Amino acid sequence: MMALLQVMLYMCVVSSITALPVDDDDVVIVGDDSNAIEDSDVIDLSGLGPEAFTYPKNESGDALATWSESSLMNPEEMSFYGEGDILIPTYMRNAVRDQTSRWPNGHIPYLIEGNFNQDQRDNIMKAIADYHRLTCLRFIPYKGQKDYIVFKSANTGCWSSVGRLGGRQEVNLQTPGCVSKKGTVLHEILHAVGFIHEQSRPERDDFVKINYNNIRSGSEGNFKKSDSKRVADLGIPYDYNSVMHYSEYAFSKNSKKTIEPKTGGMKVGQREGLSRGDVKKVNAMYNCKKEEPQTGWVGSIWQSIFG
């Protein structure tokens, strides 16, 4: 009976990693001082297209100003950058070319400059706390380091670059939309850490259907798949519940679904927290030590399946 239960749990969790966002008592990550990442360990950006190499746009800010918590789309899906919310400054195009780097040792200096109220600032800090609790990434208060990220709140939408570009690197969280949920902050930070969107994976057509007739004009490129030769899946299955997955109505022109999961009952686009797949991808990319489950039934199930 116990063996049957474990098999059933395995099928539910592993087939597409659809677990709910990780809870506080699920898992703790032990940092690994040996996870230094060389500058040559780069992230390929060549599939993003010219839309990603641009400048902050008031057009995106104006669109986001119409967003509310009852909107069908996530706030970052209102923008007009690469894949919606990926922006690499035009002045860095020649320097970055088609590649960007990961953060050495998983250490990311940060500074908060935006005009955030206390609740909004708390959501930023809660997102950072999640990375500290679940991964070996460490966000370090900025003290003159050469490379760092800056959280801003300009009226230009939700956007971030991908990976470490070098020098000052902005993560824009327009208020109130981009900081209304911790998950939106987690999403933009994951771009800065080095990840693109989940539905851009080469195998995504096996898991979701894209309804191109419902996509707003000019946003079709946001649904382009990445080349399998340029994207590493890090051994993690396609994740419907990833905080990096578009919602079902992303960039819709008619309030109809642009993305439909092919597995019945699945939902996409949650912005509550990191999924277990998100955690495993970060820890794989940054060579973190294996997750150490807490005691209790959640930890026991996690260990029986993944241990």
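Here the Cβ of each residue, glycine as well, is placed from N, Cα and C on the backbone.
According to TrEMBL, the protein has these features:
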type	residues	note
ACT_SITE	GLU188	active site
BINDING	HIS187, HIS191, HIS197	Zn(2+) binding site
DOMAIN	94-289	domain 'Peptidase M12A'
SIGNAL	1-19	signal peptide
* **Secondary structure at HIS197 (Zn(2+) binding site), reduced by DSSP to three states** => coil
* Asked: In terms of DSSP three-state secondary structure, what is the assignment for HIS187 (Zn(2+) binding site)?
  -> helix
* Asked: For the binding-site residues HIS187, HIS191, HIS197, which one has its C-beta crowded by the most other C-beta atoms within 10 angstroms?
  -> HIS187
* Identify, in sequence order, the residues in the chain of the residue listed as 'active site' that are 6 or more apart from it along the sequence and have a CB within less than 8 Å of its CB; answer 'none' if there are none. => GLU76, ASP85, CYS158, TRP159, SER160, VAL171, ASN172, LEU173, CYS178
* Asked: For the Zn(2+) site given as HIS187, HIS191, HIS197, which other residues of the same chain have their Cβ within 8 Å of the site's Cβ centre?
  -> GLU76, GLU83, ASP85, ILE86, SER160, GLU188, LEU190, PHE195, ILE196, VAL243, MET244
* Let me know the model's mean pLDDT on the domain 'Peptidase M12A' (94-289). => 93
